[in-house]
Amino acid sequence: MNSSIVLLPGDGIGPEIVEQARLVLVKVAERFGHTFDFSSHQIGGIAIDETGDPLPQPTIDACRNAAAILLGAVGGPKWDDPSAKTRPEAGLLKIRKELGLFANLRPIKLFDELADASPLRADIVKGTDILFFRELTGGIYFGESGTSGSGEEETAFQSMTYSVGEVKRIVRMAAQAARGRSNRLTSVDKANVLEPSRLWRRVAAEVMANEFPDVQYDVVLVDSMAMHLINRPSEFDVVVTGNMFGDILTDEASMLPGSLGMLPSASLGDGGPGLYEPIHGSAPDIAGKSVANPLATILAAAMMLRHSLGLTDEAEAIEKAVAGVITDGLRTPDLARGDQSKSVSTEEMGAAVVAKLAS
C-alpha cells in the first residue's frame, strides 16, 4: 500500500512525539511492505508566528488530499493573550470543520503493569478497555446562544439540538466498532430530562434494532455513567454519546489509566482523511527536554492504520509493541512516578517500540 500521511507537529512537545510516531510508521512500512509518504505542515501557535493564521490554506489543502493526518499538539502560554485576534486552538477546530469530522473516538485502556498509576484501586480499574464515540458537531456547543437584559435581569441561553441524521451516523459508526470488539454498545443520554436526549434514545434504539440486532445494546443516563466510570469501569466496552456528555465523560475516564501520555484519539467523518492525535496538550514546560511520553501519539498512529488505512494487522503490531515495552518496565517520567531510575527519554521509548516491531 502507498499512502500519503500529513504530519502536523504543532507546538510544545508536538514535534518530539510526532517524530517518534513517524519512525514507528517507517518501521511498520518496512516490515509489512508498504510505502508511507510523509509531509509536514504548520498548525497552531507556530503557524500563527509564521503566517498569522493557526491553520494556513496550504495545510488545509494538504490535509484534504491526504489519506490520514497525525497531529502532535497545539497551544501554549506564548499565545494566551486574551486580546489576540486568534488562538492556536482555533486551528484544530477549523481543521475538524473543514474535513467534516463528526465522530471523536477515544480509547481508554489500562495496561495491567500500570494499574498502580491509576487513582483507583487496582481491583476496580483492572481490565478497563473502553472505546468512546463522542458526537463532535452537534449538540449544545453548536446551538443558538445569546444574552438579553441587564443587571439582575441579565439572562444567557444556549440551545441544544440534534437531528435524526446526526444521531444515526454516530450510532452506526459505534455499532460497527462494537461488532469488531465484544459486540456490546452502551448509549449515554439524559432522556429523563432533555428533549434532544429523548430523540437520541429513540433514534439510537431504532438503528440498533433494525441494523444491528446482533449487538448487545443498553442505555445509561449520563449522571449514572459518571458514577459507573468510578466504581465499575471494566464492565463497559463501546460507549456512544453526544457532544457535551462525551466531552465530560471522556475527560473523567482519561484519569483511569493514570497518565494522559498513554491515551490516543481519532476524529473521523464520512470518508475522507481522519485526524489522529494524543489527548494531552502541548506541555511547553517540558518541550525540548526529551522527557515527553510518545506512546499516546504512537498509539494514535496505530488508530490511523486501523481506521483510515484499513491495516488492522499493522495496527495490532504497534499496539503489541507498546504493550511489550511497558511489560519490559520502560517508563517515561510521567509513568515512572517516584522511581525515576526506571525512566527513559522520549527517543529511547520510541526506539524501544521500533525495536519490538523489528523483532
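All residue numbers here begin at 1 and follow the chain in the order shown.
Glycine is treated like the rest: Cβ placed from N, Cα and C.
The NAD(+) binding site annotation in Swiss-Prot covers 76-89, 281-293. In three-state terms derived from DSSP, Pro88 (NAD(+) binding site) belongs to neither a helical nor a strand segment and is classed as coil. Here the Cβ of Pro88 (NAD(+) binding site) has 27 other Cβ atoms within 10 Å, regardless of which shown protein chain they belong to.
For Arg106 (substrate binding site), the number of other Cβ atoms no farther than 10 Å from its own Cβ, over all displayed protein chains, is 23. The substrate binding site feature in Swiss-Prot is assigned to Arg96, Arg106, Arg134, Asp223.
Long-range Cβ proximity for Tyr141 (site 'Important for catalysis'), meaning a same-chain Cβ under 8 A and a gap of 6 or more residues, is found for Asn243, Met244, Asp247. The site 'Important for catalysis' annotation in Swiss-Prot covers Tyr141 (among others).
The annotation site 'Important for catalysis' is assigned in Swiss-Prot to Lys190 (among others). Sequence-distant contacts of Lys190 (site 'Important for catalysis'), defined as residues of its own chain at least six apart whose C-beta falls under 8 angstroms from its C-beta, comprise Ser197, Leu221, Val222, Asp223, Phe245.
Swiss-Prot lists Asp223, Asp247, Asp251 with the feature Mg(2+) binding site, giving sequence analysis as the kind of evidence. Neighbour count (other Cβ atoms within 10 Å of the Cβ, all protein chains): 17 for Asp247 (Mg(2+) binding site).
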Nearest-integer angstrom distance between the alpha carbons (Cα) of Val291 (NAD(+) binding site) and Arg96 (substrate binding site): 29
Distance from Pro88 (NAD(+) binding site) back to Arg96 (substrate binding site), taken between C-alpha atoms, in Å: 14
Neighbours of Asp223, Asp247, Asp251 excl. site residues, C-beta within 8 Å of centre, Mg(2+): Val222, Ala226, Met244, Phe245, Gly246, Ile248, Leu249, Thr250, Glu252
Distant-in-sequence Cβ neighbours of Ala84 (NAD(+) binding site), under 8 Å, six or more positions away: none
Cα-proximity to Ala283 (NAD(+) binding site), 10 Å cut-off, over binding-site residues Arg106, Arg134, Asp251: none
